[in-house]
Amino acid sequence: MAWSPRRSAGRRLQLPLLCLLLQGATAILFAVFVRYNSETDAALWHWGNHSNADNEFYFRYPSFQDVHAMIFVGFGFLMAFLQRYGFGSVGFTFLLAAFALQWSTLIQGFFHSFRGGYILVGVESMINADFCAGAVLISFGAILGKTGPVQLLLMALLEVVLFGLNEFVLLSLLEVKDAGGSMTIHTFGAYFGLILSRVLYRPQLEKSKHRQSSIYHSDLFAMIGTVFLWIFWPSFNSAPTALGDGQHRTALNTYYSLTASTLSTFALSALVGGDGRLDMVHVQNAALAGGVVVGTSAEMMLTPFGALAAGFLAGAISTLGYKFFTPILESKLKVQDTCGVHNLHGMPGALGALLGVLVAGLATHEAYGDGLESVFPLIAEGQRSATSQAMHQLFGLFVTLTFASVGGGLGGLLLRLPILDSPPDSQCYEDQIYWEVPGEHEHLAQGSEETETQA
């Protein structure tokens, strides 16, 4: 693996300079614009006659903890299935999420909590920033192992802006319901990443194909991520919902949907597997599709049966996608989807958006009673009919797909700039390019021999 001295020097400088530049810029913007909100500011909180137990922190922070663990542990380890890319999977997840949390606080703040010339932040800001980081990490999954850290940071820089804009259009302008992010997080993140992967298509990626597989212990590490995500997903979907019955119902619907997607995953995996054996890739990913598919509708009156049915269908579609559709994506559409985000986030996310269209269209005063005000305020106030709300939900899906596709295309063009460092085709999915790895010299020698042989 022969790097020229000039390229090695450039690679050494690009990441430190970009990290320092981004951190310096966000720090200045924080100093100018970001302030505590009334629940966080010492003077503002004590001006009111409040009990400390009434502070929003005590209602939202438990959910935030769960979501935070999902972002850093769940997503990081879920992507650690590659045999030689564990450091990159967990380490670059750490880097991307840490930057995205700061940048999205600013972007989402300008759109949603800009008051009197300042962005007001509190525990809900932390939850929303984690959601944005989740979308970035979903996109990362599509290009895992094929890009360098500088490219990934630039991807996050662009994607966070488009995520915030799409979220603003859907939630504030169209006033669609999407608490768990079937559209704003999963669909957006997946198709942004897939279009990005298409633009970055590598026709010679076969040179690294032998590293794209997993080994026994890497699959076990990935299952750690799966279990964390599976356990905490009810908190993920319910974290931003209205306190009371809405949050309770969201967690319950997600809980049942996940159980059903797990059973359908095991059933379909054994059915389509060789000799009836289970595929760990299916279990690691498709079992989570139940959480994705009810992201939009979980706070609605989906019913426990509806949650089970949605989860079972999502698990089946996701499993079949890994078995049959992923190879077609690469061979016919030239989309190299490393983690299969189309199967876990893309298709279940779009299905979840359509499920939200259906459930919103069925909303009635009889079914929701006084609770209609908190779930569908415009219907409760007579400003929209249930059918109109359903059409807005459907339009929200098309808006999301548009933002994701255009953004992914622009991001791909940005990441293709020759000045940006990326691994060669023969060294993709390999930690040693960017990390100090035990036994690195042996692997470097082997990589050099492979490169010379292929040349």
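Indices start at 1 and increase along the chain as displayed.
Glycine is no exception: its Cβ is also placed from the backbone N, Cα and C atoms.
As recorded in TrEMBL:
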- 1-27: signal peptide (SIGNAL)
- 26-418: domain 'Ammonium transporter AmtB-like' (DOMAIN)
- 67-85: transmembrane segment (TRANSMEM)
- 92-111: transmembrane segment (TRANSMEM)
- 117-140: transmembrane segment (TRANSMEM)
- 152-174: transmembrane segment (TRANSMEM)
- 180-201: transmembrane segment (TRANSMEM)
- 213-233: transmembrane segment (TRANSMEM)
- 253-273: transmembrane segment (TRANSMEM)
- 280-298: transmembrane segment (TRANSMEM)
- 304-325: transmembrane segment (TRANSMEM)
- 394-415: transmembrane segment (TRANSMEM)
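Note on the domain 'Ammonium transporter AmtB-like' (26-418): its mean pLDDT in the predicted model is 96. The stretch with the most CB contacts under 8 Å to the transmembrane segment (180-201), chosen from 152-174, 213-233, 253-273, 304-325, 394-415, is 394-415. Most Cβ pairs within less than 8 Å of the transmembrane segment (394-415), among stretches 117-140, 152-174, 213-233, 280-298, 304-325, belong to 152-174.
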